[in-house]
Amino acid sequence: MSQGEAAGRGTAEPQDRGWAWMVLLAAVLLQGLTLGFPSCIGVFFTDLQHEFQASNSQTSCFPSIMVAVLHGGGPLCSILVKRFGCRFVVMLGGLLSGLGMVSSSFCKSISQLYLTAGLITGLGSCFSFQAGVTVLGYYFVRWRTLANAVASTGVSLGFTLWPLLSQYLLDEMGWRNTFLIFGGILLNCCVCGAIMRPIQLASGSLAQSAKPEEEPGSRAEDTQLSNGACPHHPTLQQHTRRTKCFQVLQKYLAFDIFCQNKGYQIYTIGVTWMMMGFALPHVYLVPYAIHSGVEERKAALLISIIGLINIFIRPLTGLLSGHRVFTGRRIYLFSLAVLLCGLSNFICVISAEFSVLILYCVILSIAMSGVGALTFQVLMDVVEMDRFSSALGLFTILESITLLIGPPLTGLLVDITNDHHYVFYNSSFFLISAALFMGLSFCALEKKNKLGEASKAHLVNPSRYQYSETSTEPKAENQSPPPVEYITSV
């Protein structure tokens, strides 16, 4: 049953009003339960090390796998949504997340946590989060931008509440019972999924969505069959399999865009490199504070401070970046936010006093708000909208790879040197170098494009070119872009 068929079996729901706001509330809770959940893992870092006699590198693999799968499972989630619908996938994700954390409470080794909490819970969180955001595109049309902005506040709420709850439960009943309770809490994703009932679209749009698109290879196959080729011939079957495989890769992993679009190429490489250091403070900040003598409750509060500030700053950053003044320049705002993230890490190197760490969290949270609000807006600027979902698939998979290997490699360095300062040195190196690479590369690309346009205009009409200027603004600002449905994961 496709998403269109699932919608056809649903009830006729008004868009942008009525039940749509209940769906939005469910989406807020989903993002808090899924994207906000990894923020609390650092609270258990020291206890898991002592329990399993594991090194920093081994222990950091557990949250790394969870976050990497959460980001990299997007293409698989898209396939399931097209086949079974958003409601089913959200509830399936809730079951997997709950099962993963309940199983984690019985683990006897750190490697078992990689499978249960890392892979199973991470995959379940990916399904619930991405399918939950997708369903907003069906319920909201006029207020779609506002709905996505409101839904993203759930991430900040999760960042605020999960660490506080984790520290309280850890002090009262230990990490095993806490993971068991977390499994029950994550099952509430199923309740959110139940609220997201299929919607019957307006007449015409439903038939459009349910109608499968013609595949590029279908015409060639039909031509071969009409010329007398046997459909069961081994050569034809191999060709058909290769064609279908290429179509799937083209649809969900936009390698052709990566090779042809220089802006997408630069941005994808820059963000992939950035992710090597972006997650390090979230994983190691609490262990670093505890190692430096900060009380455990105060250390857990640091992550909550980051989330609390994000609640207010992220929507404001999104509104600011949406102003027409920043049209075509959002990549430079993004690079600036990444640069600020990297520079803020040096505050932790200077001092580990609790008051200094609070200052660090405030500055880091402001910079993170810019990164989170702009990551996918910039991607939409450099990629054509009809290929955005494909570009997003390759983008999330590549960043998930560096999210997976970044924390363990840094943990290995800390194990060798026994110095937690290398966490923040590493993070600063990757963030600052990525910011400079993206900013300078896009500046050079923009100058190259302007020179190319100028030379073309001069060849076409030299006399006219001498008295005309090429406008860098969009041709029609009053025209609204086509409805876009996108997923945010930062």
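The backbone N, Cα and C atoms fix where each Cβ goes, glycine too.
Taken from TrEMBL, the feature compositional bias 'Basic and acidic residues' applies to 211-222. Residues or ranges marked as compositional bias 'Polar residues' in TrEMBL: 465-479. Sequence annotations record features per position, and here TrEMBL assigns region 'Disordered' to 210-235, 465-490. What TrEMBL records for 21-45, 65-81, 88-106, 112-139, 146-165, 177-196, 266-287, 299-319, 331-351, 357-379, 391-410, 422-445 is transmembrane segment.
Only sequence-distant pairs (6 or more apart) were considered; of these, fewer than three Cβ pairs between the transmembrane segment (112-139) and the transmembrane segment (331-351) are under 8 A, so the stretches are not in contact.
Most Cβ pairs under 8 A with the transmembrane segment (331-351) among the ranges 88-106, 146-165, 266-287, 391-410, 422-445 are made by 422-445.
The stretch from 21-45, 65-81, 88-106, 177-196 with the most CB pairs below 8 A to the transmembrane segment (146-165) is 21-45. Panel annotation: around the transmembrane segment (357-379), residues 152, 155, 264, 267, 271, 278, 281, 285, 289, 294, 302-303, 305-307, 309-310, 313-318, 321-322, 330-331, 333-334, 336-338, 340-341, 344-345, 347-348, 388, 391-392, 395, 486-488, 490 of the same chain, lying at least six beyond its termini, place a Cβ under 8 Å from a Cβ of the stretch.
If you look at the transmembrane segment (422-445), the same-chain residues 6 or more away from its ends with a CB under 8 A from one of its CBs are 262-263, 266-267, 269-271, 273-274, 276-278, 280-281, 284, 288, 331-332, 334-336, 338-339, 341-343, 345-346, 348-349, 406, 410, 413-414. Beyond the ends of the transmembrane segment (266-287), by six or more residues, the same chain brings 38-39, 41-43, 45-46, 56, 60, 63-64, 67, 163, 258, 299-300, 302-303, 331, 338, 341-342, 345, 348, 357, 364, 371, 375, 378-379, 382, 394-395, 398-399, 401-403, 405-407, 410-411, 414, 420, 423-424, 426-431, 433-435, 437-438, 441-442, 445 to within a C-beta distance below 8 angstroms of the stretch.
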